[in-house]
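Database features (TrEMBL):
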DOMAIN    B:31-185  domain 'Cytochrome c assembly protein'
TRANSMEM  B:21-45  transmembrane segment
TRANSMEM  B:57-85  transmembrane segment
TRANSMEM  B:92-116  transmembrane segment
TRANSMEM  B:128-147  transmembrane segment
TRANSMEM  B:159-178  transmembrane segment
TRANSMEM  B:202-223  transmembrane segment
Amino acid sequence: MTYFSYFKAEFLVLLRRKQDVINALLFFITVIVLFPLGVSPSPIFLAPAAGGIIWCALVLAILMAIESMFKEDYNDGSLEQLVVSGLSLPLLVLLKILVLWSVIVIPLLLMLPLLSAMLYLPEGSFWVLVATLLVGSPSLFLIGAIGSALTVSLKQGAMLMLLVILPFYLPVVVFATGAIKAAQEGLPYSGLLAMLLAISLLSLVLSPVMTAISVKASVN
Amino acid sequence: MSWAWFHKLGSPRWFFLWTKSWALPLFCLGMVCLLLGLVWGLAFAPTDYQQGNSYRIIYIHVPAALLAQSCYLSLGIAGFVFLVWRMKMAPIFINAVAPIGAVMALMALVSGAIWGKPTWGTWWVWDARLTSVLVLFLLYMGIIAIQNTLEDIVLADKAAALISVLGLINLPIIKYSVEWWNTLHQAATFTLTEKPAMPVEMWMPLLISVIGLYLVVAGLALWRMQSYILEREHRASWVKQEVVGDGL
């Protein structure tokens, strides 16, 4: 096994098991539909809240997708093979996260124009929303991978993982929705984007190592 | 100076035997200090010219908030020690202290809400300091949940240590939230470097109750650690000796 062959295999596995990815995306749409129906469908409420609604749905959908990212590999034993493969485990984990990120975030970006129009997001802040998604979502995947690796041995690990990981998502959500709000009010938002990027970079450094530790602890 | 005594503390047996007689005196001394501080603060300290009597909740709020942060800091350090040196005592410590810290965070939140009603006119605001203490409470609950849910004890220890270390990032946010953001919450009451702005009759009982609560928590933590040691090492012969003694 080489890094490249692993990357290719992961990619193919995810593409052939599309249902997992599709489920996460459907969940994302359902949560978004919930807000206009549950709170108020009027543009007066939706326009300022749109960024926050999209980000809340995003966090929940990503958690759903990440929760099972190691499950199949754990059950069929290929997770153990990664540990004994002789390749660097943090790097392999990083590749796996990268594949999952691209497979989920690209369709999300494609759906975003439609969904933000449905929520009456002001046009000027649409590109800010895209920017927050691009610089903020890597940290969600990276942090979530730690929790996923820790709870992989549990049959019903989803709830526990949500409980443990969600507090770490709060700063990302705060800065992302803060940037969208600032853009809507005509304030400078580049500082908030820089904070999101900083969180993503910090988790890029820490998460692969931490996830590798958790994977090793889970498979032994 | 010899560090042997320090290294010995890493062994559950030594720790147990060495701290066996410490928990009760620490707890009692702490209780006396805490009661002294509370009675002095609640009944005898002068009233505040702005807030009247409602400021007295400071004598519960500040010690609990300080302890909530100190407990988390110690959890983070213990988690780091466990991940790097794999000391056996570190997960026992995390196990023992996490629920205490959670209670302290909850006490800080509840007493803060009660204090907020007369002074700010509201039980809760989504202010940076309040929110970050709420997140601290959630982190504590996460650590407790992951310790209790994972059945493999090696994995559970490692998971709790990892989450403790990661959660350390929240502490500077709590500490500096009142300085970075313009919030309703006032700045720190105590700093190590400056003289407090309150008169001595007001801060003295506060200091005493803070020290008292630290001692009480230390005593409780030692007790909880000792029972975890007995539980985890139940196969060791010294534990049998300890529990059964000279006969049933």
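Each Cβ is built from the backbone N, Cα and C atoms, and glycine gets one as well.
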### Query
Counting only pairs 6 or more apart in sequence, are there at least 3 Cβ pairs under 8 Å between the transmembrane segment (B:128-147) and the transmembrane segment (B:202-223)?
no
### Query
What residues in the same chain, six or more past the boundaries of the transmembrane segment (B:159-178), come closer than 8 Å to it by Cβ-Cβ distance?
69, 72-73, 75-76, 78-80, 82-83, 90-91, 94-95, 98, 128-129, 132-133, 135-136, 139, 142-143, 146-147, 150, 185-188
## Note on the structure
Within the same chain, the residues 6 or more beyond the ends of the transmembrane segment (B:92-116) and with Cβ under 8 Å of it are 12, 54, 57-58, 60-61, 64-65, 67-68, 71-72, 74-75, 78-79, 82, 122-125, 130, 133-134, 136-137, 140-141, 143-144, 147, 157, 160-161, 164, 217, 220-221, 224-225, 228-229, 232
### Task
Pop the mean pLDDT for the domain 'Cytochrome c assembly protein' (B:31-185) in here, whole number is fine.
88
